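Chemist: Here's a structure for you.
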Amino acid sequence: MDVIANLGIGLQAALTPTMLWYCFIGVLLGTFIGVLPGIGPLAAISLLLPITYYIGPEVAIVMLAGVYYGAQYGGSTAAILLRLPGTASSAVACIDGNPMARNGRAGVALFITTIASFAGAITGLIILIFFSPYIAKLGLKFGSAEYFSLMLLGLVAACTFSDSPLKGGAMVVLGLLLSMIGTDVNTGVIRYTFGFSELSSGLSLVALAMGIFGVADIIRNINTIDTSRLNERFTMRSMLPNRDDWRLSLPSMARGSAIGSFFGTLPGTGASISSFMAYATEKKLAKNPQRFGKGAIEGVAAPEAANNASAQTAFVPTLTLGIPGDITMALILGALIIHGITPGPQLITSQPELFWGLIVSFIIGNILLVLFNIPMIGVWISLLKIPYRLLYPTILIFISVGVFSVSNSIFDIYTVIGIGILGYVLNMLRFDPAPLLLGFILGPLMEEHFRRALLLSRGSLDTFIDRPISLTILIITGLAVCFIIASSVRRRLRALRTAKESHAS
Amino acid sequence: MSMSKLTLKVNHELFGGLLLIGIGAYAYYHGQQYAFGSLARMGPGFLPQVLSIVLCAMGGILAVTSQLKPSSAIDLQLGQVLVVAASMALFALLLRPAGLAPAAFVGVLVSSWADREITWPGRITLALVVATLSSLIFIAGLGMNMPLWWG
């Protein structure tokens, strides 16, 4: 069996003390920032990006990935206990998890989320292990036209499922525009630097990510996060679910894992969308949907399985095609590119130790996470009591040091301040700035492939529709755009109608 | 300390749309100095100009359709914005001449201002702890290239 041989290679690569150590550190940090409200995996990974210059790229990616999937486990803790989502993708866990806690079933909710998370992650891993080689083989046939089409699909998919597709799309375009800053690779012309020589190599990815996910969120969260009302204490016995809990939650976990695997593999869509979709599905399938919102265990199990399945399958397009599975993957892809590793179809064959070692580290990491989240849950709950007023000044200093250290540039600290204020204003105007980062990272890649495809076809746009794979991807993209337009027009009309009705009455 | 706050009762979609149009128009205007080229040989100005127009168009649709949605209040925490920005700017100014430890100390003193509940002893303790911790992690631990102290 190929798979066994491959995993053997992976085991050899992953079972070195350094790899194990960084896997441990990654999932530990991931659980920590997942538990804490007000700092998510995107902020944590951007904070850690500078540190990856000091350790090798292989261990860096093991650690960053650990932070990402570790945060999916921890995120539901604060959501259940305090109705404060620790990460964006665990917001759904508040709806039924918090009522469960108020009914005195917090322990059961936490236990089930961990089991659901593990089930989802393992499903995702199985898909990652079996599908990646096939997708990579398919990817070998890709030319610039296919890459461009697929990235376009990723950007469109990232907007399709957001609250307002138009606003999401605008953020993607803004991100693409920001990626134009600096020297144009093809002509050497320096664009949009406004006289700052520091910008000639482009806007710093670390500065952009920390500004949007660090500084902007801190400004918004000061004086709003209160964890002092927490006084949970429970025993292992109170955590164990009863027979009914198992009967209801096991099928939900299976459905959630399937939904999460689908959205995870799709480029551009990730954990948050998966958990919302899984919740909506459970509510639709339930015999009496009235139970939802009042502590239905399916409403906790399915979304948690979904976001973990998605966190693992997001690595499929990222590692096999070099196209990020979701926004956090975009950041990890950015980190890999900084280190001179460009993931693509050749990665599995040319660097099997890196690829399979990473996968084995995921398996080890997920087992560690179950240990962190069930026997050690008390530790995390006491950490949850750290007041935000002690955390945010510390994080601000770490952000400043981190962004400075990338290229010893004071200018980058000022950039973070500027981007942070921009991010705060966008937040206030109810834009979700996360797709901006996707546009920013994909921008240069898309521009390169777009230009190369057209250079080869001598300026004929037909190249995108003459090639069957590219055409198929473009048709899917077109359908997604039609879906966006149809559903938002319908939503606006409905809003207009209700507004008129309330006006008339 | 109480922070200044600006509450605006506005239609955030209208404001958002206008902001996008503003950014797009400026990027288009600024991008005109770069050669546009053709589809076969794109100049450095091709994508920036196309994207600027797309951004303006999206902003336009958002602003026009904004009337379908009700206005709601936006609380701009101006005080928090200023305190956070000032603390980071001070850190940036102090890092090279004064070193990491003093810069971190001052940065925390200023940024903790934004919290309503923190006390002076708490603020100073936190600043000392963060200054020590960051010196230990970044200079002693990771060996980053930055001064620790004056000189």
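All residue numbers here begin at 1 and follow the chain in the order shown.
Cβ coordinates are placed from backbone N, Cα and C, and glycine is handled just like the others.
Bear in mind that TrEMBL entries carry predicted annotations, made automatically and left uncurated.
Pulled from TrEMBL, these are the listed features:
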type	residues	note
DOMAIN	A:20-438	domain 'DUF112'
TRANSMEM	A:19-39	transmembrane segment
TRANSMEM	A:51-71	transmembrane segment
TRANSMEM	A:107-135	transmembrane segment
TRANSMEM	A:147-166	transmembrane segment
TRANSMEM	A:173-194	transmembrane segment
TRANSMEM	A:200-219	transmembrane segment
TRANSMEM	A:319-342	transmembrane segment
TRANSMEM	A:354-383	transmembrane segment
TRANSMEM	A:395-426	transmembrane segment
TRANSMEM	A:469-489	transmembrane segment
Chemist: With pairs closer than 6 in sequence left out, are the transmembrane segment (A:147-166) and the transmembrane segment (A:19-39) joined by 3 or more CB pairs under 8 Å?
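Modeler: The transmembrane segment (A:147-166) and the transmembrane segment (A:19-39): touching, no.
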Chemist: With pairs restricted to those 6 or more apart in sequence, evaluate whether the transmembrane segment (A:107-135) and the transmembrane segment (A:469-489) have 3+ C-beta pairs under 8 Å.
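Modeler: They are not in contact.
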Chemist: What residues elsewhere in the chain lie close to the transmembrane segment (A:200-219), defined as a C-beta under 8 angstroms and at least 6 residues from its ends?
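Modeler: Sequence-distant neighbours of the transmembrane segment (A:200-219): 38-40, 42-43, 45-47, 49-50, 178-179, 181-183, 190, 193, 331, 334, 338, 392, 395-396, 399, 402-403, 406-407, 409, 412, 415-424, 426-427, 433-434, 436-437, 440-441, 444.
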Chemist: Kindly state the mean pLDDT of the domain 'DUF112' (A:20-438) in the predicted structure.
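Modeler: Computed over the domain 'DUF112' (A:20-438), the mean pLDDT is 87 on the 0 to 100 scale.
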Chemist: Counting CB pairs under 8 Å, which listed stretch among A:51-71, A:173-194, A:319-342, A:354-383, A:395-426 touches the transmembrane segment (A:147-166) the most?
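Modeler: Top-ranked stretch among A:51-71, A:173-194, A:319-342, A:354-383, A:395-426: A:319-342.
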Chemist: Within this structure, do the transmembrane segment (A:319-342) and the transmembrane segment (A:51-71) have 3 or more Cβ pairs under 8 angstroms, counting pairs 6 or more apart in sequence?
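Modeler: Yes, these stretches are in contact.
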Chemist: Near the transmembrane segment (A:173-194), which same-chain residues lie under 8 Å Cβ to Cβ, leaving out any that are not at least 6 residues past its ends?
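Modeler: Cβ under 8 Å, 6 or more out: 200-203, 208, 435-444, 446-448, 451.
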Chemist: Other than its close neighbours in sequence, what residues sit by the transmembrane segment (A:319-342), given a CB gap under 8 Å and a spacing of at least six beyond its ends?
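Modeler: That would be 41-42, 45-46, 49, 52, 57, 60-61, 64-65, 68, 132, 135-136, 139, 142, 147, 150-151, 154, 158, 205, 209, 264-271, 310, 313, 348, 351, 354-355, 358, 434-435, 437-438, 441-442, 445.
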